[in-house]
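First comes the structure, then the notes that go with it.
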Amino acid sequence: MTAATIPGLDNAPTKHQGLLEWVREVAELTQPDRVAWADGSQEEYDRLCAQLVEAGTFKKLNPEKQPNSYLALSDPSDVARVESRTFICSKREIDAGPTNNWMDPAEMRGILTDLYRGCMRGRTLWVVPFCMGPLDADDPKLGVEITDSEYVVVSMRTMTRMGAAALQKMGDDGFFVKALHSIGAPLEPGQKDVPWPCNDTKYITHFPETREIWSYGSGYGGNALLGKKCYSLRIASAMAHDEGWLAEHMLILKLISPENKAYYIAAAFPSACGKTNLAMLQPTIPGWRAETVGDDIAWMRFGKDGRLYATNPEFGFFGVAPGTNWDSNPNAMKTIAAGNTVFTNVALTDDHDVWWEGLEGEPDHLIDWKGQDWILRETETKAAHPNSRYCTPISQCPTLAPEWDDPQGVPISAILFGGRRKTTVPLITEARDWQHGVFIGATLGSEQTAAAEGKVGTVRRDPMAMLPFLGYNVGDYFQHWINIGKQADESQLPKVFFVNWFRRGDDGRFLWPGFGENSRVLKWAIERIEHKADGKSTPIGIVPTAADLDLEGLDVDPADVDEALAVNADEWRAEVPLIEEWFEFVGEKLPTGIKDEFDALKTRLAEDS
């Protein structure tokens, strides 16, 4: 079909010439049966969900257990982000850096243009306008995703400010990020569709200079919901580098003291380190309260007062289900229980509720994430996929801070970096200054937790928890962090801390109880900000003693707390060659400031012997 004969192209609800030309160009290439413009309304959402139920993609859940909620089971080949098929196609290879896959942008465009040719036959091309962050921000970050997946359209309504209001914000000539997505599964006339169409060939490609995202072959999560990691981190980090701000893989937490003073904390953790649990913290210390601003992404820029302010660009939670329960994260469970959730790859109970590993009450029988019968104590495989998800509106979170969508953001008092380390890294360490804090973030690592991820216990470096999400060279990224610190007075900058909830004793048990008790560790950090708490200087930074922490009412062996806080110089000397290996991998763009911090650490460790 020519553009002139594709229904829906000529009655677009916008006069934005650049957008109209792009939609027309994509429609001529991909050959959909029709073009539709998503308006973000409840009516549209309900209609598309009903359509997905009819197609077999969604199962409607028991309205008494999960109101207005649905379960989707993906193709077993399409269950997670695919780092090996994710590309940063900068003009020069050096600008992608050693942590990213790179291909020449012209070559990549050629490959993908061939794949996109006719790829939407038999389907609807959806035009999905959206905004990351509040619509009334001074500089709203707008985007348009073109997709042939209704699953994507309904999920984007939950995860972003999507629809007519975002389109209106673009006006007739406003800038927007072009995000093109196809599942790569055209339908011939009369061909029966499958419940989860996708393609074995997958590309998730970013063009940082032109601020474009091209994704092909996957219908799942971060590969397909292009506002999430693709825009909010990979493209936004390139924007932030050019414009003097930070786009980070961080939760934003509001802590309120007994004196009713609010402190905002941004925290970066690699996967499986409890980011969502901390974002929805329930403090155990009397008088302290916590509220949620965001659980995954923080955009930070300086305010007029010289402080660093953070906004959460997202509109929903896209959380990992397994391990989430009424004990580990009651606030996430309350958010989900309010309804309006799309679950993907969890298990289905006999009464059409959902279940996953770690959830209370193990049923005798389930339909697992592959659609097979699962029988308690007989079936050896997991009922829910380890990366199964819930997609639910942030507005339903009972601990949501009222200012979560303030376009000015919230002023950050502390930045935490944290990993999963059995040894070496203390419960909390305060950086000496901003540059030392950047060094701590640059060397952040987590031990591998399963043999499939690599050798168990091997430390995988994940700088600022951004390893899979950097839109440009990691060395330039470290330098950008250092430069950000030079834009403000040191006294105005957030203090930087390094935390490790996961240290273990010689017998393998956790030394610190974690979860809500982590509020005791955060209290010390706040007292350091207020110059009210002591700490001792060590080769790696300032570390509290057990006496410096508020342990009142905590049933824990004082010797365990001492061990959790210990700085063992021999363990740190063993860490030095691991850091050296990582910095060699970063290569020639490793900033001088980071090298200076590393040299200073080695000197302090030598003096400590």
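Placement of Cβ uses the backbone N, Cα and C atoms for every residue, glycine included.
From a predicted model like this one, the values you see are computed outputs, not experimental measurements.
Site annotation (Swiss-Prot): substrate is bound by Arg81, Tyr220, Gly221, Gly222, Asn387, Ser388, Arg389, and the candidate from Ser41, Ser182, Ser271 recorded at this site is Ser271. Site annotation (Swiss-Prot): Mn(2+) is bound by Lys229, Asp296, and the candidate from His181, His249 recorded at this site is His249. Checked against Arg81 (substrate binding site) by C-alpha proximity, the binding-site residues Lys229, Gly274, Asp296, Phe515 yield Lys229 as the nearest. Once Cβ contacts within 10 Å are tallied over all protein chains shown, the binding-site residues Arg81, His249, Arg389 are led by Arg389. Here Cys273 (active site) is positioned 19 angstrom away from Gly222 (substrate binding site), judged by their C-alpha atoms. It is Ala272, among the recorded positions Ala272, Cys273, whose Cβ has the fewest other Cβ atoms within 10 Å in the structure shown. Secondary structure from DSSP puts Ser271 (substrate binding site) in coil. When Cβ atoms from all protein chains are considered, those within 10 Å of Gly222 (substrate binding site) total 24, not counting its own. Sequence-ordered, the extra residues of this chain that approach the Mn(2+) site, with Cβ no more than 8 Å from the Cβ center of Lys229, His249, Asp296, are Lys228, Ser232, Leu233, Ile297, Phe469. Candidate binding-site residues: Ser271, Thr276, Asn387, Ser388. Fewest other C-beta atoms within 10 angstroms, Ser271.
Summary of the substrate site environment: with the site residues Arg81, Tyr220, Gly221, Gly222, Ser271, Asn387, Ser388, Arg389 set aside, the chain residues having Cβ atoms within 8 Å of the Cβ mean position are Val79, Ala80, Phe318, Val320, Thr344.
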